[in-house]
Amino acid sequence: MFPMQFTNSAYRQMEPMFAPASRGQVQPYRPRTKRRQEPQVGNAAIAALANQMSALQLQVAGLAGQARVDRRGPRRVQKNKQKKKNSSNGEKPKEKKKKQKQQEKKGSGGEKAKKPRNRPGKEVRISVKRARQSTFPVYHDGAISGYAVLIGSRVFKPAHVKGKFDHPELADIKFQVAEVMDLEAAAYPKCMRDQAAEPATMMDGVYNGEYGNIQEWRTILYSMRAAEASRGDSGRPFTDNSGKVVGIVLGGGPDGRRTRLSVIGFDKKLKAREIAYSEAIPWTRAPALLLLPMVIACTYNSNTFDCSKPSCQDCCITAEPKKAMTMLKDNLNDPNYWDLLIAVTTCSSARKKRAVSTSPVAVYDTQILAAHAAASPYRAYCPDCDGTACISPIAIDEVVSSGSDHVLRIRVGSQSGVTAKGGAAGETSLRYLGRDGKVYAADNTRLVVRTTAKCDVLQATGHYILANCPVGQSLTVAATLDGTRHQCTTVFEHQVTEKFTRERSKGHHLSDLTKKCTRFSTTPKKSALYLVDVYDALPTSVEISTVVTCNERQCTVRVPPGTTVKFDKRCKNAAKETVTFTSDSQTFTCEEPVLTAASITQGKPHLRSSMLPSGGKEVKARIPFPFPPETATCRVSIAPLPSITYEESDVLLAGTAKYPVLLTTRNLGFHSNATSEWIQGKYLRRIPVTPQGIELMLGNNAPLHFWSSVRYASGDADAYPWELLVHHIKHHPEYAWAFVGVACGLLAVAACMFACACNRVRYSLLANTFNPNPPPLTALTAALCCIPGARADQPYLDIIAYLWTNSKVAFGLQCAAPVACMLIVTYALRHCRLCCNSFLGVRGWSALLVILAYVQSCKAYEHTVVVPMDPRAPSYEAVINRNGYDPLKLTIAVNFTVISPTTALEYWTCAGVPVVEPPHVGCCTSVSCPSDLSTLHAFTGKAVSDVHCDVHTNVYPLLWGAAHCFCSTENTQVSAVAATVSEFCAQDSERAEAFSVHSSSVTAEILVTLGEVVTAVHVYVDGVTSARGTDLKIVAGPITTDYSPFDRKVVRIGEEVYNYDWPPYGAGRPGTFGDIQARSTNYVKPNDLYGDIGIEVLQPTNDHVHVAYTYTTSGLLRWLQDAPKPLSVTAPHGCKISANPLLALDCGVGAVPMSINIPDAKFTRKLKDPKPSALKCVVDSCEYGVDYGGAATITYEGHEAGKCGIHSLTPGVPLRTSVVEVVAGANTVKTTFSSPTPEVTLEVEICSAIVKCASECTPPKEHVVAARPRHGSDTGGYISGPAMRWAGRIVGNPSGPVSSSLAVTYCVVKKCRSKRIRIVKS
């Protein structure tokens, strides 16, 4: 049982029942007198008594399941008083007092009742008091519009509550609005922490609210006294018995005889979830203009009344059916039509039997079933009644399927769960129209639904049956009615086209994973969506003997109650006439009567059927529509993960799948090479892993990522060219030897060309003059000026100083272009006879020294880096060593990346269905299609397209039945069919949207950690971002790529996105994607619908009245049958695809250049340099090809105490960088590193001291890892440090180019000044 606590109002309701008698009086026994006739009471009094009884039952049930608590605490011992001694007879005081009480009770006859405590329990009062202390009102326009509650570390209030706090600490707080809930949250000041309530998890049970108890049962919350709540109570908390808050109230609405609530529930970790009721009204105070009283009442004979409380003498459908039907017809558009319908169908004046169960759900279901008394069952044509066509009481009129699951909604002519008079009955009862035109009800009908196998009947309410059926080409409904087995079979192609799913499981799912799904609603609600129109009843043909009995001249007509009998009569010497009878029994006189064409018309309307001729167009009433589609949250299964083992560069998956599970893989590089496979039973799969990484996803489990470490050979892939050549020859010799052969061939060709050129020059005549042609070397030197230099936002001299400090090689290369320019200028000045000695003299060099000195006195330290834009990549780590300062550790990591495309919705599409106008039959006459086909009744209220209307002649010759056509060839029929959207199109998961994609914006968030300070920087693809942290200046961006996984055309359906070249708007074809198109946001009745589903109207057969047509099945379902792969499976670079909004997240592509200016204030100046010495390094263990697979121990002597940064100087061998504390004396540091080769030589720098660590590494146990490795690869993606030094020694020294240029220039000038002619032999 649920724990129960009482409030004051609950005790006041129970007080008269436990009122004690007067003291000292013995109540005599009185025999029970005859019950007097109780006065008639209205519905309001009955409803109030029912509410009190329901509250009393809940309270008694709570007391029955709750143990009695002894509230008597330990006695208080008074000071300075001696305890009383025991009496002389040796009895204890307690026993004596107990005995005395028993004697008093015995003397009074045992009829003395204990006076109850007329107040709630102590626990309840304490919990309510605690909740009030943490609740604060919100004022709007001087009145309380709602409340906010302090729970845990935050303050919560409903988002619809507007206003401000009248509290000094809470007046200026700023709330954050939740995206999917009616909730706002904010942080409150720390000084109010003592007033905050503790959270608790909301489960099934009974809780304490401001206005009584609140009961939760299967995520449905009811309140027995919510009628006392007023506008402005939104946001009030409700607590458990310990005073912990489990949720806040948003509003409520009537649900049967109780009030159902919409709440926000919490758990212990303050995770919120909204339990919403669609008809709940927010309990916030509306603006002043909306506070005017609004009277919504029904009308009858110009009199207004409360729709839920009409006078039963005038409205009861069993007593006055005509008045009741008139009242329903006059109030069809009233917002409270539901209340009126329930009132007129459940207003029996007879005394109701006392029911044991008063569940609100059961009561409401009973009212829904009883509401079918406003309509009558009917008989319609069935094409197959056990082999032959017939007019069946269970004829199948409509079969609806979403196409994505096995559940069918079937409409038949009979009514399930209804008695013959229209009252609520058992589940096996079936109300139907008999062959004689009378309404019957049969119990134990054994209702069966079949396709290729028997279906599971989920629920049957009224005309509708909900069944879970296997796929098939036909549908059969069978039932036993008064001992006769009836069945009806119709052609229906039941196919299940699943949208993209990862698991095909059946049954209950124990996981917590949920997703949006579409299903038929089984909980009727009071809204227009849950109502269906009924029209005038069509006549039912019966045999004349069932209604008329003749005895010679005297004939008696038997008219069933509530019906009209009509037939043709011809007497002797009299013309043929049609007579109508409406009373119960009438007689007439007729000589030699000839009676034909008898029919019975029900007095109550029924549903319109396409298997019957067209009837009246006026809506007479609306009855419950129990199973409309709705979007719900469905739990999905999660398949158990297999055992994962590594073998070389492969991943082995071994496990057992109890049901089909989808296994998808994709590479995390540019080419995704996506694969998908359905597995079931025992399986063993081998999946190769690449160095770029691979993503595995089994069913609905979280994706798994694996990377392959490169298999390294001997030699060094990050060394000098000859070592690099040895490494590649042993790693992949075929490519290495091919490269060597091509290089040798090119070298031989170049040597031959050079020899030929020298030979030609030797035997040629050369005449060189200095003017006007310049020497070749001068032109070649001038070409160096065309080399583009590096550009930056900093001054040029700052860049030169930074290069001089950090990279002498880059400094030399950067100075090559200015030196060439200086040589050219000097050369020009010299030949213009200008003196350049002053430029190259003492003053020039002095100016240069002053500039360099100024550059060295910079006030900030700049650190530049290029970070890969991949959230899965390891973070960048570095130790900043600056002379004279303690080292600082720098970490840069990519938090997330977002690719947001600019989209335009071209149209949406969904499943198209035909809408059929019941046939218009002209007996012995001709009919024609109307000029405006939208005026046809079946098309009104719907958006139609692809409308077809044909007139068929020579139909139904001499047909006996509902058409009553006795002509042979003059009969005509109008058949009209159009295309419209399915009722499932209003659900987001069943609708596909076609987007055109334009440009995309790329954003990334980078976390920069310097010491203990973290700074978040947002960078973009279209510019440079300048950000400031705590004294940091960061310049980042732009992102090096604008890559997007989305094509120019994409399709979004549910939670998946597809790259698909959809047809343009208005160009759809039957059976293809886009056969139904619309742009309007009104998904039920779009005003711009385009449809082409291939409708073709055919000539009807003459066996029954019907509309014959064909059409093509939905193009969207056919497209889904082709099983296209969504982007969540095929997107390159490991992008995560978000459908709504349309985004690509965490794509591992591109890079972000960054520059970090660190001010001097961030550095701590060294007072004493530790000066480590006597460094020794011992490699404890080493495993190459593994992230941080090596371990080393470094020992050294520290001269002074301080801090030193430890990092690796060997490119390609990363070390776990850190800042270590150095003490005077012996020091030991243990660190880890990653080795890319079997032999590793690592240079480690500690402050300014360097130590070498050398060791041989063992092969890795596995070449597959679950995290992206930190060490580099030998794929040639970077230029190694030794190669840069090797090239720098050739061209990097600035003295080399300067001296060589000056020497060559001098020689050229000398040679050019002396004109000489060399004559060679010809």
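Using N, Cα and C of the backbone, Cβ positions are placed for all residues, glycine too.
Annotated compositional bias 'Basic residues' per Swiss-Prot: 73-86, in sequence order.
The region 'Ribosome-binding' annotation in Swiss-Prot covers 120-134.
Feature annotation from Swiss-Prot assigns active site, charge relay system to His160 (among others); the stated evidence is sequence analysis. Sequence-distant contacts (6 or more apart, same chain, Cβ under 8 Å) of His160 (active site, charge relay system) comprise Gly146, Asp182, Ser234, Leu250, Pro282, Thr284. For the recorded site, His160 (active site, charge relay system), the DSSP three-state label reads coil.
The Cβ neighbour count for Asp182 (active site, charge relay system), using a 10 Å radius and every protein chain shown, is 19. What Swiss-Prot records for Asp182 (among others) is active site, charge relay system.
Under the heading region 'Dimerization of the capsid protein', Swiss-Prot lists 203-213 (among others). Mean model confidence of the region 'Dimerization of the capsid protein' (203-213) amounts to 78 (pLDDT, 0 to 100 scale).
In the structure as shown, the Cβ atom of Ser234 (active site, charge relay system) sits within 10 Å of 27 other Cβ atoms. Per Swiss-Prot, active site, charge relay system is recorded for Ser234 (among others), and the stated evidence type is sequence analysis.
If you look up Swiss-Prot, you'll see 240-244 (among others) marked as region 'Dimerization of the capsid protein'.
Positions annotated as transmembrane segment by Swiss-Prot: 736-756 (among others).
Annotation comment: Swiss-Prot describes 809-829 (among others) as transmembrane segment.
Feature annotation from Swiss-Prot assigns transmembrane segment to 835-855 (among others); the stated evidence is sequence analysis.
The transmembrane segment annotation in Swiss-Prot covers 1288-1309 (among others), and the record cites sequence analysis as its basis.
Taken through DSSP, the region 'Dimerization of the capsid protein' (240-244) splits into 0 helix, 0 strand, 5 coil.
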